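Structure, as structure tokens:
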Amino acid sequence: MERIQDVELLGWDDIKVSLKLQPAHPEYEILKAADLYIYRNILHLPPPHDNPQWLRIFLVKALEELGLVSLWSSTLDVKLLCTQRFVRLFAYGGSTLILVAYLSELGVSKEKIGLFMTLTLIGDTVISLVLTLFADGLGRKAILALGAALMAMSGVVFALSGDYWVLLVAAIVGVISPSGNEIGPFRAIEESTLAHLTPTANRGDIYAWYSLIGTAGTAVGMVTSGWAIQYMRSNLKWDVLRTYRTVFWGYAIFGIIKFILSITLSKNIEAEKKSAATEDTETAPLLGDGAEEAETKKSYFRSLIPDISAESRIIVANLCILFMLDAFASGLAPLSWVTYFFHDKFGLGEGKLGSLFFATSIISAISMLLASSIAKRFGNVQTMVFTHLPSAIFLALIPVPSSLPFAMLFLILRSCTQSMDVAPRSAFLAAVVLPNERTAVMGVINVAKTSAQSLGPLITGVLAQHGLFWVAFLTAGTLKATYDMGMLAIFVGHKTYDDRAEEERLAEEEQSLRESEDPNER
């Protein structure tokens, strides 16, 4: 840094390096670089020159810890994927708040409501498996757009039809979330895409904001849906079914918005093409037998499915078992059943329900930012376990109180840490497998989770029908705690591909340094 005027040309990565090399550069120039970058490129304000140094340092550190710099410097495709997630989860939140109540209003029993959710999740499992396995071969952009179109279609069907089986088919073929969380192929494809669009050092921050934005979407969707229903019933005097169907019309509109966002993504989101096919073509004999054409067709379809290494298969198998245990527990207490529990036991209306779960979702969203900072210091696995375990305990305690305030207290305490494991888990999963395996592996794991989760709502429906709602909460909390202990036992200290690559790089640098210091060692 020869002149202060030149520092504004630096990027954030250069500034971070400079901040770590304070003995090599005048401190004033380093802080000046940070000031210029943050104020001009992020805050879009003229940089002040009279701030005390401690304030400058705090601002730099705060923005870096919160991951805002990583998000701001990300590509347009990353920002579009995060926007899509907000739109999608907004729609999920609005529909989840009323799904059980809507089916109940149509005269469907609790057992059949549980069956509805189970069959919906099973159908989504099959569709997700097919779409995620072929996503990299057929095109991620096309699959995301197709999923958005199906989402819009299912919203239209729910708004027009009251037949149980028609709604079930629409929920399976289209995309309706019984839990308020991710279903369908979207998340696996998006997380894989984010991984290859984002430098390794920034992935934790991007995944944290990706998760936070989705949770915020759920929160805003729930509170908007709840008070919109309250307004339509109280002020417009609409009947219950009409208000619920209006929400599903909104669901369809958000599906269309997501479709538009999907088709605006660039070609950079697509997976890199494998070079193996070219090598096979160059080494193949010029003349083949009669089976050559059939083999070519077979290899084409086979090439659409990525290979998974033997080492990754073992890791994926262990993760599938543990994630399925956690997902089954989540299926016992999905958001749609939890909202119905508070509606049924304490008589909360849609407006107050929306506000309650808006608050818990916002708390969950804020906690995700802390998770990224904690993971940088203690590691992804430790962060996953020790933030998720308290939420499992509070989940088991929700049905214990007989009064609403204490039940709400346990619900809010649970929300403080229930989502803090999401970003570290995504970052760990992205780092533990090879880049060309990510989409398929994330798809397989999501399918395994959805398969296990699909059994939960049916069991909860049967328990609720017989007045044993509390058993579902207790079992879910116990199983989630077991999952946490399993993750800690199997994966603590596990070295990812990124860890090994970094160790090799440091070893090479150390060796080069030794050779430069002592030429006789060569």
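Glycine is treated like the rest: Cβ placed from N, Cα and C.
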Could you tell me which of the ranges 207-228, 427-448, 471-492 is annotated in TrEMBL as transmembrane segment? 207-228
So, does the transmembrane segment (115-135) come close enough to the transmembrane segment (353-371) to give 3+ Cβ pairs below 8 Å, pairs being at least 6 apart in sequence? no
Comparing 86-103, 142-160, 314-333, 392-413 for Cβ pairs under 8 Å with the transmembrane segment (115-135), the winner is 142-160
Given a Cβ distance threshold of under 8 angstroms, which distant residues of the chain, six or more beyond its ends, lie next to the transmembrane segment (207-228)? 67, 70-71, 81-83, 85-98, 180-182, 190-191, 194, 243, 246-247, 250, 350-355, 357-362, 364-366, 368-369, 371-372, 419, 422-424, 426-427, 430
